[in-house]
Amino acid sequence: MITREKLEHQQIWLYVIALIIGGVLGLVSPKVGSSLHITISPILAILLYGMFAQIPFLQLRESFSNRRFIGALLASNFVIAPIVVWLLTQIFPQSSPILVGVYLVLLTPCIDYVIVFTQLGRGNERLILAATPILFVVQMILLPVYLWLFMGEETARIVKVGPFVEAFFFLIVIPLLLAIITQLWAKGKARGKTILNATAWLPVPFMALALIIVVASQIGKVYNDFDVIVYVIPVYILFLILMPFLSRMVAALFRLDVGAGRALIFSSGTRNSLVVLPLALSLPDEWATIASAVIVTQTIVELVGELIYIRIVPSFVLRDVQHKNTRKQQH
């Protein structure tokens, strides 16, 4: 019998399989793939509810207990990362629809599977889990600011307030409020704890299902526009390469220990693709097509990058102190 812990431990490979299934389904049977488009919103709503239910919003004050880590996390994700993203888009200029997708996905740090990747990369995943409410709130506040800073008046022309707010309300605000209500109701109740434990089963299977549906429904767009989208791949790859080393410098500046430093590295390099996808889909038709395809492309590139991260972060980017001391003694 499979346990939730086993399921979570194997979730990376489950997501890889989901990407492959979605890609094959979307390319072999485009009609079936595109017809799945209507299921994206409800699946994402359930997924986000399951994710939000696991975020300790009621312990928000405790999230600030490790101030150095929180300071480093905010500096790396909301100062360093935006600068890197802006510079990369200047080096590799993109059309406006692509830029919207790139900015949506690269300016928002991950709040879900980054916890598992941090654990597999021998980082302190508990610090990331405790910080998820702060990460989520700050990115939702700053995302419109960054879009305006980087794209100016074009943002107002592209992002229609009505559909954008509607998507944000139904796919983020409502699941978030339901998750907080669930946590409030469950507090101090045995039955409530059982319900919360049941919601903890939702994220992994619904993430896999969301990946299948999103990739199957969007892969045709990626394929059709690949001659345009291919130019954004270097941006994603360079972001994945640069952020570990820049965030390691931030970790040193804030004097974080090795576990916290690795957690910072994973948070800085892992993005929030499935949370911002509904916002991309709320854009005008042609823009939504390109922006969502750009975000799906980032998800594929990122998952490959994360499989490399879990190997090289603990062995090369930020090694254990004992390992460093042993090498010094040998020399």
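We count from 1, first residue shown onward.
Glycine too: its Cβ is placed from the backbone N, Cα and C atoms.
Feature annotations, reproduced from TrEMBL:
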{"type": "TRANSMEM", "residues": "12-30", "note": "transmembrane segment"}
{"type": "TRANSMEM", "residues": "36-57", "note": "transmembrane segment"}
{"type": "TRANSMEM", "residues": "69-92", "note": "transmembrane segment"}
{"type": "TRANSMEM", "residues": "98-115", "note": "transmembrane segment"}
{"type": "TRANSMEM", "residues": "127-147", "note": "transmembrane segment"}
{"type": "TRANSMEM", "residues": "167-186", "note": "transmembrane segment"}
{"type": "TRANSMEM", "residues": "198-216", "note": "transmembrane segment"}
{"type": "TRANSMEM", "residues": "228-251", "note": "transmembrane segment"}
Are there residues at least six beyond either end of the transmembrane segment (127-147) with Cβ under 8 Å to its Cβ atoms? List them, or say none. 55-57, 59-60, 62-66, 69-70, 73-74, 77-78, 82, 100, 103-104, 107-109, 111, 114-115, 118, 155, 159, 172, 259-260, 263, 266-267, 272, 276
When each of 36-57, 69-92, 98-115, 198-216 is checked against the transmembrane segment (228-251) for Cβ pairs under 8 Å, which one has the most? 69-92
What same-chain residues lie close to the transmembrane segment (36-57): Cβ under 8 Å, and 6 or more beyond its ends? 63, 111-112, 129-130, 132-133, 136, 170-172, 174-176, 178-180, 182-183, 196, 199-203, 206-207, 209-210, 213-214, 216-217, 274-275, 277-278, 281
Six or more residues beyond either end and a Cβ under 8 Å away: which residues meet both conditions relative to the transmembrane segment (69-92)? 63, 99, 102-103, 106-107, 109, 127, 131, 134-135, 138-139, 142, 146, 150, 231-232, 234-235, 238-239, 242-243, 246-247, 250-251, 253-254, 256, 260, 263-264, 267-268
Among 12-30, 98-115, 167-186, stretch most in contact with the transmembrane segment (198-216) (C-beta, under 8 angstroms): 12-30
Same-chain Cβ contacts of the transmembrane segment (12-30) under 8 Å, 6 or more residues past its ends? 113, 116-117, 120, 204, 207-209, 211-220, 223, 299-300, 303, 306-307
Grab the same-chain neighbours of the transmembrane segment (98-115) for me: Cβ-Cβ under 8 Å, and only residues 6 or more beyond its ends, written as numbers and ranges. 11-12, 15, 51, 55, 77, 81-82, 85, 89, 125, 128-129, 132, 135-136, 139, 142-143, 146-147, 150-151, 158-159, 203, 207, 228-229, 231-232, 235-236, 239, 266-268, 270-276, 279-280, 283, 287, 290-295, 298
